[in-house]
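Student: Take this structure, written in structure tokens, and hold onto it; I'll ask about it next.
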């Protein structure tokens, strides 16, 4: 089945810059040049929330992994952390001296990475809301920065035409990819963490292996690519372009699968939901659209099967590394169905697998939240202990004096 338009949200008063789904798919966040952040409910007849606080265009938004927070970055040079409820309260992070183009939570929800026109990438702690450190080797605006799934690496894309890979612990740039012929608008990690994809004003999408620092795939379009998002299975990539189209790329076959027309004017942003059954797009036409994926019903089953079997991928894409290594999974070709029963049975199996996966994701989310709370308590205890020791030190010094 082809992807199909599911919902259509109107409410922004200027170009939409960013979209993101909450973990449970019940909410969708969007940012706009109208300085507002909007939270849309995926349930029909539920009202949308408009959050006001930024003094200028909102350039980027993202839900925290647990879905309890939303972060936004703005042309007003600030980052805001919102509680997506009726009150719409937010706290402000200030350290950048230029427009904040990109915000991204680490997968454990503990850290934030932000990218700015001040040419720096900054890392923050979420629960203490504290600035930690800057990465500053780009020589032009930084459009995008993301954590790797395991949180050890950061990837960034810049108007200096490079994509840089950073080690979060050593805070050093470990590689620069310089193959883009124009500004690099967007970059993201493959769900396996082994590859990255970047989109540029040279109308291309490039996929690199971050362990070999080698270009794996190159897609040439005919318009500036503004945004991209990996399907959670790792088998597909969706892109948003200035020619108003969304394109779905099949990473296994290395080819264009679908071109979708919905926006009038440039498509500015696109994102898959966390389970991959929907994706959302935003455009300079002020509209937010939600699409039903449709083409991925069998993927989770396939991914689970192929992960066990470990055959090698077509040499053109990954030169015979095992598929788990490469982080790109082979798709099994299904035998022709002699009868419909088999198809029905298969569908049930796929649904069961999808449900199990969703349950696991839910459980992981609860664990992440618990760990987060424990870490916060630990931090508080550490702070108290430090305070006690400092006070003790003072008392001793006073006695000595």
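A Cβ is built for glycine as well, from the same backbone N, Cα and C atoms used for every other residue.
Values in this document were obtained by computation on a predicted structure and should not be read as measured data.
Reproduced below are the annotations present in TrEMBL:
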{"type": "REGION", "residues": "331-350", "note": "region 'Disordered'"}
{"type": "REPEAT", "residues": "9-50", "note": "repeat 'WD'"}
{"type": "REPEAT", "residues": "51-82", "note": "repeat 'WD'"}
{"type": "REPEAT", "residues": "93-134", "note": "repeat 'WD'"}
{"type": "REPEAT", "residues": "135-176", "note": "repeat 'WD'"}
{"type": "REPEAT", "residues": "177-218", "note": "repeat 'WD'"}
{"type": "REPEAT", "residues": "225-259", "note": "repeat 'WD'"}
{"type": "REPEAT", "residues": "260-292", "note": "repeat 'WD'"}
Student: Quick check on the repeat 'WD' (135-176): DSSP residue counts for helix, strand, coil, in that order please.
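Tutor: Breakdown, helix to coil: 0 helix, 23 strand, 19 coil.
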Student: Determine how many residues of the repeat 'WD' (9-50) DSSP places in helix, in strand and in coil.
Tutor: 0 helix, 21 strand, 21 coil
Student: For the repeat 'WD' (93-134) and the repeat 'WD' (51-82), check the count of CB pairs under 8 Å (sequence separation 6 or more) and say whether it reaches 3 or more.
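Tutor: Result for the repeat 'WD' (93-134) with the repeat 'WD' (51-82) is yes.
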Student: Check the repeat 'WD' (93-134) for me and report the mean pLDDT.
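Tutor: On average, pLDDT over the repeat 'WD' (93-134) sits at 95.
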Student: Quick check for me: are there 3+ Cβ pairs below 8 Å between the repeat 'WD' (260-292) and the repeat 'WD' (9-50), leaving out pairs under 6 residues apart?
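Tutor: When sequence-distant Cβ pairs are counted, the repeat 'WD' (9-50) touches the repeat 'WD' (260-292), since at least 3 lie under 8 Å.
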Student: When DSSP states are grouped into helix, strand and coil, how many residues of the repeat 'WD' (93-134) land in each?
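Tutor: Each residue of the repeat 'WD' (93-134) counted once, the result is 0 helix, 24 strand, 18 coil.
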Student: Restricting to the same chain and to residues at least six past its boundaries, which positions have a Cβ under 8 Å from a Cβ of the repeat 'WD' (9-50)?
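Tutor: That would be 56-63, 65-67, 70, 72, 74, 80, 82, 84, 86, 88, 268-275, 277-278, 280-290, 361, 365.
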Student: Mind tallying the repeat 'WD' (225-259) by DSSP state, helix then strand then coil?
Tutor: 0 helix, 23 strand, 12 coil
